[in-house]
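Chemist: According to TrEMBL, the record shows the following:
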DOMAIN    44-191  domain 'FAS1'
REGION    208-236  region 'Disordered'
SIGNAL    1-27  signal peptide
Amino acid sequence: MELKSAVLAVAALCLALALLLPRVALSQRLATAEAPAPAPAPRHVDLAELLSLAGPYGTFLGYLTKTGVITTFQSQANDTAAGAPGVTVFAPEDSAFAAVGGGAALSNLTADQLRTLMLCHGVPRYHPLSSFSALAASGPAPTFAGGQQYAVNVTDAAGTVRIQSGWATAKLVSSVYSTSPVAVYALNRVLLPEQIFPTAPKVAPVPAPAPAPVHGDKANDGAPGAGEHGASDVKSSSCRVGAGRLLAILAVMVSSFLMI
């Protein structure tokens, strides 16, 4: 009789645990699901990465890195505080650099001259495409090189934007990136301020650019977190099946002992 009582007590305890465990697991899942996700950290645009991946801007990026101007541009891009002016970068394509005497005109520059030339390709203010008409009417735009002598003139004729500096008038051929506070635009020529080039460098005609490849977005394999929800559902189903089997076994045990 004492054995029956002990068995019945153990069976009752097991039944209680079998009924309680799924509820505990469910409450834990609900608590996890209801917990607010942490706010994402602000992400700054990496100009070096952007130029290396966006297209034919390797020569420009090489000069920016060599002169340290990439750090100047990046510091301005990283300032995302309210009211920060932002940055606009004019990036000549590789063919534009090749057209300047095969690059010989730039190789003869001193380190300071080369750095100033690269600074002339950046404006310390964010300018979306929609602002170029007003920018053209407002007069020369100052660059990172400083001083009126290194400012660039902007023209906007029927939607065709050109940037003029010294001996060069470059056409803005595409928008590489434009989201406040950073804008990067592709140019078909290198800007050639007269303060750096006293005489006009020999510039070859720039060939027509090849059509840009179309990059399609990769299709999402599934909604974010789908795998996690699927795993949670499997665990929940396994828990319910295990609890059901346990209840059936305990019921048989209890019935067997009661019949003795």
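Just so it is clear, glycine is given a Cβ too, placed from its N, Cα and C backbone atoms.
Bear in mind that the values here come from a model prediction, so they are computed numbers and not experimental data.
Mind running through what each feature is packed against?
Modeler: The DSSP breakdown of the domain 'FAS1' (44-191), given as helix, strand and coil counts, is 62 helix, 41 strand, 45 coil.
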Chemist: Grab the pLDDT values for the domain 'FAS1' (44-191) and give me their mean, rounded.
Modeler: 95
